[in-house]
Amino acid sequence: MASARENDIPIPGSPSPVPPTLEEPTAPRRPLPPKPDQDGPEVRTPTGAATDLPGGTVAQQGAYLTTAQGARLPDTDHSLKAGPRGPVLLQDHHLREKITHFDHERIPERVVHARGAAAHGEFVANGAAASVTKAAFLQAGARTRTFVRFSTVLGSRGSLDTARDTRGFATKFYTHEGVYDLVGNNIPVFFIQDAIKFPDIIHAGKPHPDREIPQAQSAHDTFWDFVSLHTEAQAHAMWNMSDRALPRSYRMMQGFGVHTFRLENEAGETVLAKIHWRPRLGTHSLTWEEAQLAGGKDPDFHRRDLADAIESGALPEWDLALQVFPDTPEETFEGIDLLDPTKFVPEELAPLQVVGTMTLTSNPSNFFAETEQVAFHPGHLVPGIDVTNDPLLQGRLFSYLDTQISRLGGPNFAQIPINRPHADVNDMLRDGMHQTAVHRGVAPYHPNSLDGGCPFLAGADLGGFVEVPAAVAESVKERTKPASFDDHFSQATLFYRSLTPIEQRHVIEAYSFELGKCYEQAIKERQLAALANIDEDLCAQVAEALGLPAPAPTVDIADVEPSPALRQVGETWPVSGRVVGILADESADSAELIAVRKALHAAGTVPLLIAPHGGMLHGQPVQRSAQTAASIELDALLALGPSKDPRTLRMLDELFRHGKVIAAAPAASPMLEDADIDLAAPGIATGDAAEAVTQLLDLLGAHRVWQRMELLPV
Ligand code: HDD
C-alpha cells in the first residue's frame, strides 16, 4: 500500500500518514470460568447426551480479542482511516461489526415487570405434597435447581426499586420432567378477574401517555380513575396501600401463585390448591419515607440487597406451602369462589402445609443473559399440576408465550441457556429466528416412518403431561362472569380490619398521599365512595386528609372475622442478613470495635463500619463514611463514638423516626442528645458496648421498634 500520496498538497506540520504502531497485547489471561453453580443449564441432544454446542455455557473462549467470527484483532481503539486525520473507511469490518452489534444491544423491556433482579437457587421437597400431587420435584428428597426473578410491575427497566407497587415473584424450577414456572406476586389477590382487562389496568397504571409521567407510581389520576370505576380492583388496591407494597427486601417477601391450581396425585385423585412462598426471615416492609429516600439515594436498593446478601453468605430461604381444598364442582371454599383471583383464602380457614424449601445460592453471572432473558410462562407445567378455569389464568396462558416472541426476538427463546430445560428436549419445532439447535433427521412430523417413528409419544405411565380430565359444565357461549364475582369489597374490609393499628395508620396515610396527588376531584370522590363500602373509619380519615366530606356506604359493609396471619407486626424473626451500622471514630477503643464487629457477624447480621472518613479505622476497613452512609440501608445502629457531623445527626433522626433500633455506648450518648433523641424512648439500647450489642440483637428480631412508631406523630 502506498503510504505517501505524491500529488497531495503538503500541509506544514501535518503528521506522517504512517499508521500508529500497534501495542502488544498485555500478558494473555484466561477469562474467569463461571462459578460451578452458575453454569447455564446443560444442553441436551434428543438422545439425552450433553453436547458441546458452542455458546452453551461459556461465552468467551481463548485469551485474545477476536471478531465475532474468531479472527484475532490487533487494535480495537482506532477505526481504519485514510491517514491519521482522514475519513473512516467503509471497509473497516471490525468497526462496522462493533458498532452494529452495539446498536442492537437493547431488546424491548418487559411490557410489565420490566425492572427486576434474580438469583439461582435450589428447591428441596420434604415429601408432604406426595399425597396430593405426583409432580416429581415435590416428592420427598427431590432437589431441583431454580432461578427466581423478583420485580416491580409498573416502572421501566431503569426505574427505582422501592416504588409503592406489587412485586413479582417468578420461579423457574428446572425439573427432570420439564420446566415448571410459578409466576406469582407478593400479593395474593389481583386487580382484575378476567385477563381481557389486563391491558386496561396496565394502561391506567403506567405513566400518562402525553408526558410519560409519573414513572413507577400509582399516585396519579389514570390509576385511581380505573380503580375507582372498576371496583373489583379495590381489594388489590388495598394491599397496595398497605406496607406489603414496600418490601424491606426481596428476601423478606411472601410469594403467592394467586390463582387456584388443580393438583393430581399418582392415583388420579385431584384437589384444588393455592401455592405460597413463605420467607424464613419473615415478611417485612420499609416505611413510606424510607422507600422515598431510597428511591433517590439508592434506586437499586432491592437489587443490591439481594446480591449483597447472597454474596455475604446470608442465603435467603423460603418455604413452599400449599393451601389445599376439595375439588368440588362448585370450586368454592367457605363461600370463597376459588376461581376469582381477587379473593384469597385466610390461613386461619385453610392452614399452610409446607412441602419444601428453596434457598437462593448464587447471583447471576450476567444480568442480560440470565435476568433479562429469562422467560416465564404460567403454562410451563409438569405432570401433577394443572390449571383451573380462573379466567385471569386462562388469558395468561396465551399472553406469556406471545410476549416472549417480540421481547426475545422469535419463537426459539427456550434455547437461550437460562431457559433451557434440564430434561431431554425432543420437539418437532423447527427453524425460525435465532435457531441454534442443529436438528437431525428428516421427519419432524407425526406420525412418521422415515425417522423410525421417533420421537415417540408418552402417556401418563411414561411421564407424559396429560391434562386432568376436569368436567366442563354444559353452558352457552357468552361474555359474562359468575354472580359470585360481584363481591368487590368484603376482602378489602377483611384485609384492613385484620391489620394492627400502626399498619392501618400506614394504609390511611397511603390513600391520603396517593389520592392527594390526583388532580381530578371526581376521581377522589369516587374512590372515597369505594372506601366507604370497605370501612367507614378508613374513609372518614382519608376524606379528612383530602379535605372532602366522607360519603355514606352504599352497600352493607361485610362483617368479617379478622385474619391475624395477615399482620406483619407482633412476632419475632431471625436477624440473619440484617444490616447493622457501627458508628465509630478515632476515639473508639480498637479491641471493643473488633469485638462488637465479631459479635454482630456471629449473630448472622451484616455489620457496616461507618467512620468520619473512608479507608481504615483501627485496622478495620471502613464501609461507609459520614458522606456515604444512609439511614435507609441500616436495620439498626450501634454508636460507639460521638459525632457532630450534621449528616450523621440527620441519619440518627431518620433512624429514630423509622423505628430502627439504636444502641449507644456511653461515649455516644451526648451525640444522641445533640440529635434530640430521647434516651428513654423505646428501642434505645444503652450500656457498655457488649451489653448494647446484646440488647440491639434482641430488639432487632421484631424488625422495628413498633412502640416508638406508635408514639410518634404522623
Ligand atoms: Fe403477568 C410478566 C405475575 C397477570 C401478562 N407477570 C409477569 C411477571 C410476573 C407476573 C411475576 C414477570 C416475570 C418475569 O420476571 O419475567 N401476572 C403476574 C401475576 C398475575 C399476572 C401474579 C395475576 C395473578 N400477566 C397477568 C395477566 C396478563 C399478564 C392477566 C395478560 C393477560 N405478565 C404478562 C406479560 C409479562 C408478564 C405481558 C411481561 C413479561 C413477560 O410476561 O414475560 O406477558
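Quick reminder: no glycine exception, Cβ is built from N, Cα and C everywhere.
It should be emphasised that the depicted structure is a prediction, and the values quoted were computed from it without experimental measurement.
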Margin query: Based on TrEMBL, name the residue from Arg110, Arg115, Arg440 that is recorded for the same heme site as Arg149, Phe198, Arg396, Tyr400, Arg407.
Written below: Arg110
Margin query: Using CB atoms and a 10 A radius, I'd like the single residue among the binding-site residues Arg110, Arg149, Arg396, Arg407 with the highest neighbour count.
Written below: Arg149
Next item on the list: For Asn185 (active site), name the DSSP secondary structure in the helix/strand/coil scheme.
Entry: strand
Check: Measuring Cα to Cα, how many angstrom lie between His113 (active site) and Arg149 (heme binding site)?
Finding: 10
Check: Distance between Arg396 (heme binding site) and Asn185 (active site) at the Cα atoms, whole Å?
Finding: 14
Next item on the list: Indicate whether Arg149 (heme binding site) is helix, strand or coil by DSSP.
Entry: strand
Checklist line | Average pLDDT across the domain 'Catalase core' (66-454), rounded to a whole number | finding: 97
Item checked: DSSP state at Tyr400 (heme binding site), helix/strand/coil -> helix
